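Pulled from Swiss-Prot, these are the features on record:
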- 200: active site, proton donor (ACT_SITE)
- 413: active site, nucleophile (ACT_SITE)
- 50, 154, 199, 200, 343, 413, 458, 465, 466, 474: beta-D-glucoside binding site (BINDING)
- 219-227: disulfide bond (DISULFID)
- 24: N-linked glycosylation site (CARBOHYD)
- 25: N-linked glycosylation site (CARBOHYD)
- 81: N-linked glycosylation site (CARBOHYD)
- 226: N-linked glycosylation site (CARBOHYD)
- 1-22: signal peptide (SIGNAL)
């Protein structure tokens, strides 16, 4: 255990030695496209449930998010759902035109599992209308010179599998996900060359099974009495285990059946903030290391070594599932690239380990907070959790480089939100500042050796923002949900257009 801590401290020291200041009070950085490698990819991202709509059309089966938001509207801040969302199911050509107009050369989207397999598995049949929709989207992208980056799971587990065996609580889901991935590779892999198996498995685990504020809304009663059921000390680890194995199974089927002919790459999109020690004390430094172990390392370590982080093994003990030797072999090296979703950072402070009301949140024995001595780590966006700390994206990327064998990386999500208003709001200077500062930090990480190949802005469109509904907006493009989902590019879209056309930003 001591060796593990020492190796992490070496990483932290290296990051500190390469430190650059990110002064939130300075003027917005001026960037050029030529500041980045010639083959660097610039794109934007969305997810199926957040933008598609058409939730009950053309044979699509329900997902757990349909059930969660439609059956329990009180769990969504404005009582809304994604049944229509941005109506991208019908307006996808407009979305592709916007991407082309801005100058992006890649688009990260997710495939709705239940649009392909309405009941989640092969026994329930394949929905050809779903296959046709994604073929049309992919072909439209390619016709405009835009590379498709496809995510196979962005939180929308088919409700039929949740009903059958508890969704990702059941080991059966690994085979069902493998079969679903096989269908995706078979039908789209001749044109899609960049795949992500899962998006933010950490969010699925934490918000769906510990906090209970996202689908399927499970948690311990002492955490949230409104949860329908659950156990925040055990279920998150079971779900995380099956998510990791599902990833491994999908990569395995690609490499065995499709890699030779399709020559694509398969990765995963992981989210994490950077965790700074609350003080410079050794205890708080170790607390920050544990916080990383239970977030980013939780899903990265098994893909590199076939094992869980030592801190998780030591703290969770018998509640943490074990990989068999065969599973470890399957997982080790099961990625061609790593996607990193970064928004914010926090401080971590050492606290005694809990013996009462234990959950995954208490297991790291670290208190995670966005402020120190009453001072926030950075300015707050609309969402309470989104405190702006640009340097964190650099530190996280370099952490991944130094600790996990210098992987190929893409920034697969990065962005900030503003509150929704009754007026069309296009002058999003704060978003421009956010992107400029974070891209500056990404460029700095590249300059010291980080193997970052691309950047995807979250999000192309204002959309259904999960438990927040439509109360906040992350889009480069304003969507008028009251007027047929009309799209209006914001100033940030124009900023990207100028950047990608090699003009100096004012």
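Each residue, glycine too, has its Cβ placed from N, Cα and C.
Features as recorded by Swiss-Prot, highlighted on the structure.
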{"residue": "50", "record": "beta-D-glucoside binding site", "DSSP (3 states)": "helix"}
{"residue": "81", "record": "N-linked glycosylation site", "DSSP (3 states)": "coil"}
{"residue": "199", "record": "beta-D-glucoside binding site", "DSSP (3 states)": "strand"}
{"residue": "219", "record": "disulfide bond", "DSSP (3 states)": "coil"}
{"residue": "226", "record": "N-linked glycosylation site", "DSSP (3 states)": "coil"}
{"residue": "343", "record": "beta-D-glucoside binding site", "DSSP (3 states)": "coil"}
{"residue": "458", "record": "beta-D-glucoside binding site", "DSSP (3 states)": "strand"}
{"residue": "466", "record": "beta-D-glucoside binding site", "DSSP (3 states)": "helix"}
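Max Cα-Cα distance over the annotated beta-D-glucoside binders (50, 154, 199, 200, 343, 413, 458, 465, 466, 474) is 18 Å.
The residue listed as 'active site, nucleophile' and residue 200 (active site, proton donor) have their C-alpha atoms 10 Å apart, to the nearest angstrom.
Residue density at residue 413 (active site, nucleophile): 24 other Cβ atoms are found within 10 A of its Cβ, drawing on all protein chains shown. Compute the center of the Cβ atoms of 50, 154, 199, 200, 343, 413, 458, 465, 466, 474, which mark the site for beta-D-glucoside; besides them, the chain residues with Cβ within 8 Å of that center are 45, 47, 341, 459. Looking only at Cα atoms, residue 200 (active site, proton donor) sits nearest to 458 among the recorded positions 81, 219, 227, 458. When the recorded positions 81, 219, 226, 227 are ranked by how far their Cα is from the Cα of residue 50 (beta-D-glucoside binding site), 81 comes first. Ranking the binding-site residues 199, 343, 458, 466 by the distance of their Cα atoms from the Cα of residue 226 (N-linked glycosylation site) places 466 first. Here the CA atom of residue 466 (beta-D-glucoside binding site) lies 8 Å from the CA atom of residue 81 (N-linked glycosylation site). The highest number of surrounding Cβ atoms within 10 Å, among the recorded positions 50, 226, is found at 50.
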